[in-house]
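*Asks:* The structure's right below; bear with me while I get my questions together.
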Amino acid sequence: MTYRTKLLTSAAALLIATGGMVMADAHATHPETGVTLATDQSFTYSILDDFPSIDPSLVEDVEGASVARDLFEGLMIENASGEVEPGVATGYEVSDDGLTYTFTLRDNAKWSNGDPVVAADFVYGLQRAANPETASEYSWYIEVMGVANAAAVIAGDMPVDALGISAPDDMTVVYTIDAPRPYFPQMTTFPTTFPLHAATIEEHGSEWTKPENIVSNGAYVLTEYVPQEKLVRARNAMYWDNDSTIMEEVTALIINDSNAALTRYLAGEIDFVMDVPAGQFPRLNAEYPGEALSFPNSCSYYYQFNQSDSGPEALKDANVRRALSLAVNRDVIVANVMAGGQKAAWTFTHWAISGWEQPEIEAASMTQAERNAMAVELMTEAGYGPDNPLSLEIMYNTSDSHQSVAVAIGQMWKQTLGVESTLANQEWATFLNTRGEQNYEVARSAWCADYNEPSTYTDLMTTQSPYNDGRFSDAEIDALLQGAKTADDPMPLYQQAEQIASDNAYFLPIYHYASVRMKAPNLENWPTENLLQNWYSKDLYISASE
Amino acid sequence: MYTFIAKRLAVAVPTLLILIIFSFVLMFAAPGGPFTNERPLPAAVMDNINARYGLDQPYWKQMYDYVYNVVFRFDFGPSFQYRDRTVNDVIAQGFPVTLTYGAWSALVALVVGVSLGIVAALRQNTWLDYLAVGITIGAQALPNFVMAPVLVLIFTLWLGWLPGGGWNGGQWNHVILPVIALSTSYMASIARIMRSSMLEVMNSNFIRTALAKGLPMRRVVMRHALKPALLPVISYLGPAVVGMITGSVVIDVAFSTGGIGQFFVNSAFNRDYAVIMGITILVGALTILFNLLVDVLYAWVDPKIRY
């Protein structure tokens, strides 16, 4: 080959190569939105704490569940607005009594090693989570789902195959539940119910989730996990809907300090920050418009009044509790203390819960001046006033933001009602012990939804709820919520229960959570509408910058 | 000398045992447990977990099993918080990280600190001395939880030279900022100790004799003054090196290194009993080892000391 021809051929090769690239770029648009895609489809997000586990049977935190949803796929999945869509199952049928769910699996679902995903894998997954030997903290979720015999299996009184799930053939999963639950299909999007590859788990034991061992059936496979530093997952070529996946690689960085995470976001090292420091939202929103996002986050922040025998006498008086509740200016707490898009709370149930409509709570429509006037009246009626001031201790777990809220509320009580409050804080585990043993007067609490339905909150208001740390008991609420379990339309019953709780101020709802995140402008399709913030990397993509 | 080392190692065993017993007592005295949640677990679930981790056994039995497994199987047990991992995994992953940036920090602190101290002592009450003393006081007054974010602000956000965190298998550009942040205050302490000890040595009779005999300054310092002046620095180094190679919660959190330092605090908050014990034993063993090393070094540096 002469020098000249060599030059010509390499020039041609170059032309073809670059031409090809231009072609590829021109074609790389999102099939639905038509947005031009960036050539590098990878994104990095930061989380605050390392995953306690990514084993679907053991997953116990929100971030671990996000990883599990990428690596595995359950019977059903959620779309960007939180609606249930077919996952491994193509659909399901409910029996007339609402107690049997029959899911039909798709025939092209595969594990990352090429094995087909069969019904027995789902049975194995659920049985493993319920098995006492697995000792899963989330085994209680199977009870919440109402799967037949769940409690007995978890307690070790029945063998695991007594659990209400079976596989009559490779393509059919049948769930038997103890009472009708309209939201049951939605619960199969939760990691505890995911299918598992039995052979892999039996071969590797507790090491099976290591990248070199794991076999999974989701849109991604685990490629790297350095504890306390990062977890990387890459597109799974075996996934049945792999052709629709755009995002190639996803990296989770574990950054224990939310300020450090924010700095690294600003330096361009991270595309998405899960936890932005409290109170920074207004500034970030002004400086980086469109990048600071506030989502409703289905948790409620409230104070519990100790109404048990060990609690102060004053808190057993409904007038005192109502006065204390009325005197708290929630708008100030939401706008000035939290400042992250939270909403003032008058009910326990989070405002954004699916189908929830807040009952007509009288105080909610009053001005703060009216509430204060009413609070003073109620307090005087109860026999407390300037001559006989009430003193209370507010207990919270050590944290700057809980302290700010406690200081604000203490101040409001003092100004309006003359209540002398002292603040006490305890380290987390100690605090939970103290509150659980009713060694407090007023204690900070929060509750997060396990599923998108009001009973996830209202169940706590019953007498027998182990989470009712205020130890209040109202026969009417108990009856309403018992009725709600079998009612065709339980919503009015939930509303009445909330109304009664509010009238008696059994607890003090303060605000409904919102979470503040930072999102790079070119990271598209983040499911802002999904209340439980269940996101799937397969739905995300990076748009080309203009 | 060898009998001395053997004796010290023999004493180390009961020392570690006492450390284990004491930590166990403190651990069980703290309210709550590894599975205490905002949402208390149902009793049946809790029973399963307690049985799985042996937490249903009496305290003495738990302690006995633990010591037995550590001594005879070198198994430090499973982590309660990170359920896919054992304590051996946690240490095997995190300790090399802190060892790397800790060893570099120790080296930097020693070299820079000793040099600054010598310069300040030899040029006492000149601008060089004031500068060195100024630097050390500044370095010591600036806590590393302030220094770390400031370093990130300068080198990552403004200059864009170095990454703001992560470890990346110990790639050099990820190591620099943690080393600066960690070594600075140790460096300052070493410089101050070195300066005062050097001043004392330079004013002693044997140095005056050496100078009077007409030896050049450089030779006097390097041959005669340096060794005795290093003694206090060496005794400081023992615990300091252990402190550096076992990392720091501030460094690990600020730079997300994945090192073991953060477990000191986190495992206690999470009541991750096995990790608390594993790290306590690691730090205890290293402390004993480095104190022994310091004593051996002492004998080598100071001919007056014999064991």
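Cβ coordinates come from backbone N, Cα and C, glycine included.
TrEMBL lists these features:
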type     : residues  : note
TRANSMEM : B:9-30    : transmembrane segment
DOMAIN   : B:95-294  : domain 'ABC transmembrane type-1'
TRANSMEM : B:101-122 : transmembrane segment
TRANSMEM : B:142-163 : transmembrane segment
TRANSMEM : B:175-194 : transmembrane segment
TRANSMEM : B:229-255 : transmembrane segment
TRANSMEM : B:275-301 : transmembrane segment
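Map the listed features onto the structure and describe their local environment.
*Replies:* Counting residues 6+ beyond its ends, the transmembrane segment (B:9-30) has Cβ neighbours under 8 Å at 59, 62-63, 66-67, 268, 271, 273, 276-277, 280-281, 284-285, 288, 292 in the same chain.
Among residues of the same chain six or more beyond the transmembrane segment (B:101-122), those with a C-beta under 8 A of the stretch's C-beta atoms are 128-129, 132-133, 135-136, 175, 178-180, 182-184, 186-199, 202, 217, 221, 226, 229-230, 233, 237, 240-241, 244-247, 251, 257, 259.
Beyond its flanks by at least six residues, the transmembrane segment (B:175-194) meets 100-102, 104-106, 108-110, 112-114, 116-118, 120-121, 132-133, 135-140, 142-144, 147-148, 151-152, 155, 162, 229-230, 232-233, 236-237, 240, 243-244, 248, 250-251, 254-255, 257 of its own chain at Cβ-Cβ distances under 8 Å.
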*Asks:* Do any residues of this chain, six or more beyond the ends of the transmembrane segment (B:142-163), have a C-beta under 8 angstroms from a C-beta of it, and if so which?
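*Replies:* That would be 173-174, 176-177, 180-182, 184-185, 248, 250-251, 254-255.
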